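Student: I have a structure here, written as structure tokens, and I will follow up with some questions on it.
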Amino acid sequence: MDTDLYDEFGNYIGPELDSDEDDDELGRETKDLDEDEDEDEDDVGEHEDDHPGMEVVLHEDKKYYPTAEEVYGPEVETIVQEEDTQPLTEPIIKPVKTKKFTLMEQTLPVTVYEMDFLADLMDNSELIRNVTLCGHLHHGKTCFVDCLIEQTHPEIRKRYDQDLCYTDILFTEQERGVGIKSTPVTVVLPDTKGKSYLFNIMDTPGHVNFSDEVTAGLRISDGVVLFIDAAEGVMLNTERLIKHAVQERLAVTVCINKIDRLILELKLPPTDAYYKLRHIVDEVNGLISMYSTDENLILSPLLGNVCFSSSQYSICFTLGSFAKIYADTFGDINYQEFAKRLWGDIYFNPKTRKFTKKAPSSSSQRSFVEFILEPLYKILAQVVGDVDTSLPRTLDELGIHLTKEELKLNIRPLLRLVCKKFFGEFTGFVDMCVQHIPSPKVGAKPKIEHTYTGGVDSDLGEAMSDCDPDGPLMCHTTKMYSTDDGVQFHAFGRVLSGTIHAGQPVKVLGENYTLEDEEDSQICTVGRLWISVARYHIEVNRVPAGNWVLIEGVDQPIVKTATITEPRGNEEAQIFRPLKFNTTSVIKIAVEPVNPSELPKMLDGLRKVNKSYPSLTTKVEESGEHVILGTGELYLDCVMHDLRKMYSEIDIKVADPVVTFCETVVETSSLKCFAETPNKKNKITMIAEPLEKGLAEDIENEVVQITWNRKKLGEFFQTKYDWDLLAARSIWAFGPDATGPNILVDDTLPSEVDKALLGSVKDSIVQGFQWGTREGPLCDELIRNVKFKILDAVVAQEPLHRGGGQIIPTARRVVYSAFLMATPRLMEPYYFVEVQAPADCVSAVYTVLARRRGHVTQDAPIPGSPLYTIKAFIPAIDSFGFETDLRTHTQGQAFSLSVFHHWQIVPGDPLDKSIVIRPLEPQPAPHLAREFMIKTRRRKGLSEDVSISKFFDDPMLLELAKQDVVLNYPM
């Protein structure tokens, strides 16, 4: 470039140029410049490592950090925010959250038998026993199962220093120290002869609030082992369980547990201990004879259906197993014949070496005392009181050899070790169950007859009665167990026919399924199958008939119980009856989320908790209030814990607990009540009157059933309740369902009413009657103990004018009007309370009960014990906090349990408008009915008083005016 053509500032000062030359020169310069730049770039590329920083980079092009895409890759989405939108309470990166509510084994523990052997036993139904262990609270059921677990799992006790409580798998059960859920355990146990049996054992809660869990276990069992504390004897729940087992038609055996308490705690002489044990057996037999019609159902140690145990010290024996210890020690003894002489008023004469029914001398002891109790007393006394001197010699005589380290153990573990070596395995328990509890093959037929709604004589019924593993699949599930994280459920039940396979398509029939209405059914695919052993599960590919099984993948359509069958080719299959509980859920709480936007989470939690607890009821009131009904305070406390922590994980507000009420009448309707249909073409006339005492309970307990033929039904009511035969044969329905405590009777005369026309609308009238008795007029609660009589009916000739839309609401209205004309009253639930307390605390118990409208019915000492048992009744609405109040007044020495017992009329007239309910003031007794009704109606979003305009037609009101009937109801 010529420098003369440019000044010092680079401006062109030369001659003018032509535009073409200009462009050519500019193009050449640009081309040269581009080539130079390319060469420079290549040069930089070659030498940039040698001379970093020599290149010129503009400020805006400088790159100090790698981009997010270069760091994380193109698949990762990066978001840049200049403002923090997360609250401080929420972490920027949420930690991985794991939910675990159950205590489960991480791997399969070592057992004394092979798992393949267990699986092989499942195919032989004659070697299977399905047993439920039940009993009163803290009578030793769980501890007994621990002994069986120790016997079959040699390494488990080494990992647990304290009480094992192997079947308390929920953390809440461990914390509370009380069983909440029924837990199945499947183990292989040998009998005295060494023959192995597969035992499916259900460990059930002892608290009376959780008796619904016992019901679920009994339904799939063939027999019951009833645990009774030797010191406490027969208690509240013991009696209820005996009645329940007899009603379920199960074989009953007894295990008298904690016999060590008679020796170490009560310090009874051996003879008194025998009397105590005999008293328990006699008391149980008395209860069985009260509830059972089977005269052969007798419990006696001589028959082998009573065993004795002390779970804490690993003691378990029957007369036969103890006699075998003598036979093994001394030889040449027929232990079976020897066992027959070890109970009752039988004495051993050492001179003649024979047993006699008469005492040889005044100092002679009964054979049970001499051969069983005295050796047991000596063993316990030696270990407890004389460890250092004579114990080793005594143990050598018994053939028990302990090391020096074992002899230095503390008293309890040493005593447990000695007893374990002396008594050996729990073969006596196995003998008792094998002999007196039927196998699934033998027990199937009576169970099917009792629980199956279909015909027993059908092909399907015969397959179930034969426990046929090759027959059509029929499985009855009675329990739902949630997974460790509480997200899903597994169904637990018993295979009654056929074989269920993993991955098999099945048809799940719900509780409302019928052959006419198949809506409550769904096709599902079975996931995995397990055999449950409390804290671990054994996965299997198939489970044949007669066994218990835990099923994955079928939980979605199941609410409480279900029937699982094949999806095709089994169309005549019907359901098993839903569980019938021996208690009633009468305690009610209302719940709502603290944050209203979390309502869907709470609803999902309510659905899950409803599956988890068999007798729990959830419903929505007309006001939109979500209500939970349970059996007691502890029950609802556990429900709310699971709802908050396990299933919904939200904060939930709970209203003060209340109770459900019932509505009844105490007189006959003061006049005939009638109602016309909206089209004025039909008219129904009815009256209401109280039922005879005890009839409502007979209907609820299915002593009488509406499905009986008219002749049988008529004979029952005529003989037991002195009904007129015509009226007894004219019963149309029970209400509000087939076991409802109300009756609808057709009391019309053929000369006055067209029976054919009346029969054409029978179903509609029954439906209206059941609707009305389900929600009474006082406070939308169940009507109870009322008989409704149809006295007259005018029915339209044309079918169009007598449809269900006309008849059903009219029948409901006339039910209400007849009810209101019969002096309506409220009924409240009463609890039966059993209190254990020392003698000096009995007066305090009376005081606490009197303050809560309760009254004592029985006050007696427990035989052979320093404690008293006080039995009483208390209104459920006044029972909240009763247990805490009782312990406060007795310095923690009294212990109580309460359970629903009966309904009782609340004092006062609920429709007396002269009563003024003052806020924050306790009401006198005559005002209680009015207070309960008004507050219940307010809670449900109803008007404070009953409006008769809803239930009485204008002609009826005119009739009331003519009769000069005084009404307390607002118009």
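Positions of Cβ are set from backbone N, Cα and C atoms, glycine also.
I grabbed these lines from Swiss-Prot:
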- 135-142, 203-207, 257-260: GTP binding site (BINDING)
- Lys63: SUMO2 cross-link (CROSSLNK)
- 126-408: domain 'tr-type G' (DOMAIN)
- 1-52: region 'Disordered' (REGION)
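Let's see these features in context: how buried, what's close, how far.
Tutor: When Cβ atoms from all protein chains are considered, those within 10 Å of Lys141 (GTP binding site) total 28, not counting its own.
Around Lys63 (SUMO2 cross-link), no same-chain residue six or more apart in sequence has its CB under 8 Å from its CB.
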Student: Please report the three-state DSSP label of His207 (GTP binding site).
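Tutor: Assignment for His207 (GTP binding site) reads coil.
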Student: Return one of helix, strand or coil for Lys63 (SUMO2 cross-link), based on DSSP.
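Tutor: It is coil.
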Student: Out of His138, His207, which has the highest number of nearby Cβ atoms, where nearby means within 10 Å of its Cβ, if these are the binding-site residues?
Tutor: His207
Student: For Lys141 (GTP binding site), name the DSSP secondary structure in the helix/strand/coil scheme.
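Tutor: DSSP assigns Lys141 (GTP binding site) to helix.
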Student: I want to check the contact list for Gly135 (GTP binding site): same chain, sequence separation of six or more, C-beta distance under 8 angstroms. What comes out?
Tutor: Lys141, Gly206, Leu226, Phe227, Ile228, Asp229, Asn237, Thr238, Leu241, Asn257
